[in-house]
Every structure is written in structure tokens, then in C-alpha cells.
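Working notes, structure below.
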Amino acid sequence: MGTKDDLLETLLNLVKEDELSLHDVKHMLAISMPCILLLLILIWYAFTTAGTDTTSSTWAMTETLRHLDKVIQAQAEIDQVLGKHHSNSIQEYDISKLPYIQAVVKETLRLHPPAPSLVPHKTTMDVELCGYRVPKNAQVWVNVWSMGRDPSICRLTLINLYQKGFSRLTLMSKVEILSSYPFGTGRRICPGMSLAHRMVHLMLAALLHSFNWKLVHGLNPKDVDVEEKFGITCIAKS
Ligand code: HEM
């Protein structure tokens, strides 16, 4: 074994020791390099996308601060689970006991999906969608931002189901489906969804539990700026 234990040196030493041929080494590198590259791209993507969790928690705080009674309600729920002591920190298993915080996160992702048009997809065949013909190879953007604000998609769907006598369980599962739209759907759905969910809940609950929140300089809650700057990701304008 050489002084440096890097991959190439180790392989060349194995060649010297007749454990491997140069042909074997070339073959192994040809296979492993694209895999390593793919892994690095995935890690880079995961880290840059993970930043959207911060965005979601920021939006959640901004939206709750516009309704201070909601901050009090959310804090009361957390106090009930963790106790009033600020040194008790929130754990993953506490999330299921915090339905109000879960609702705040769902509303935040509905109003401010971090990827407002998801990522572009391409059709693999001609399809008919709501009376429109979408040709094969067309680039498709899904506007989840407007889907989240369109009552005919969200609220009305639930009201219709409720009026038709659908069970509470069906309604709840519909809410779950609607609230997962910001993560895409189908086989390219965000693989970081459950991690992101946990991170946003934990961050939001920790912020609410650890600090008392109020608006400075007598700012009216209605004047809190929620204007968004659109792009591939959706961030606050100011
Ligand atoms: C609130 C946080 C997040 C949101 C809203 C979000 C949203 C999305 C969306 C919309 C897509 C594209 C889905 C599609 O093709 O239709 C996506 C893809 C992806 N996300 Fe996330 N994401 C979040 C957090 C994360 C985290 C924390 C990770 C990793 C740790 C992650 C990893 C990925 C990866 C690897 C893909 C590509 C999947 C593929 O193309 O097959 N995401 N995400």
C-alpha cells in the first residue's frame, strides 16, 4: 500500500501486486466515475433544495405574524405538548401531537410553494388534458402556486366531497394529497419530502416555542409584506 491511500493509488498498487490488471482498473473507473458524479450532483441538488426548508419556515412565520391570534394558538399547542419551559426542545415524535402546527405548514406550502411551477417535465406521448391536446415532447410546467389559490381546486373540492357525504377519512386523505402538490407527484415526486416536512415542522415549532413574537414599531399585521419574487423558487420580495 502506498503512502497516500486514495482510490487511484490503491488500485495501481493492486496492479503492481498482480491482484488486478490495468484493464480491470480502467473498467472499474469507467463504471464508478459516472456513479460518483451522479452522487455528487444529487448531494449538491439536495443541499441547494434543502435551503427551501428555511424559506418555508420563514413564510410560515411571516404568515402567522399577520394573524397574532394564530401565534398564540400555536404556542399554546406547543406548550401543552412540551410544557412552558423553553429549555424543553421539540423532537420528531412530537410532530404528530401538533395538528395546529401541521395545519400552519400545510397552509404555508399551499400559499407559498417553494417551487411555484415545480420543475419542467416533458410529455412522452400525445395526451388530452381538460379538453386540450398536449403533443408528445411538449415541455409542461405545473403551476402549483395558482392551483393552491384556486378555490375550485382546493376548497371547493373539499366542500363538494363533504356535501356529497364523504367520510372524514376521505376528506383527510384528500387534504393530504392536495398538500403534497408542492412536492410534485408521480415517479419524480420530491424524494426529500418527508425530510423536508420534518425539518419545517421542527424549525417552526422551535421558533414559536423559544421566542415570544411581536411586530415592531407598531406595525399593523395587515401591513406585513407577503409579496413574492417569482423564479424557479419563490422567495419574499423584500
Ligand atoms: C419544502 C421543501 C421542498 C420542496 C417544496 C421540494 C419540492 C420539490 C419539487 C417540486 C421537485 C420536483 C418534482 C417534480 O419533478 O415534479 C423536487 C425534486 C427533488 N427534490 Fe425536493 N423539495 C423540498 C426539499 C427537498 C429536500 C430537503 C431534499 C433532499 C434532502 C430534496 C431533494 C429532491 C431531489 C433529489 C429531487 C429530484 C427528484 C427527481 O428528479 O427524480 N428536496 N423537490
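Cβ from N, Cα, C; glycine included.
Residues or ranges marked as heme binding site by TrEMBL: Cys190. Residues or ranges marked as transmembrane segment by TrEMBL: 28-47.
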Three-state secondary structure, which DSSP defines for Cys190 (heme binding site): coil
All-chain count of other Cβ atoms within 10 Å of Cys190 (heme binding site): 19
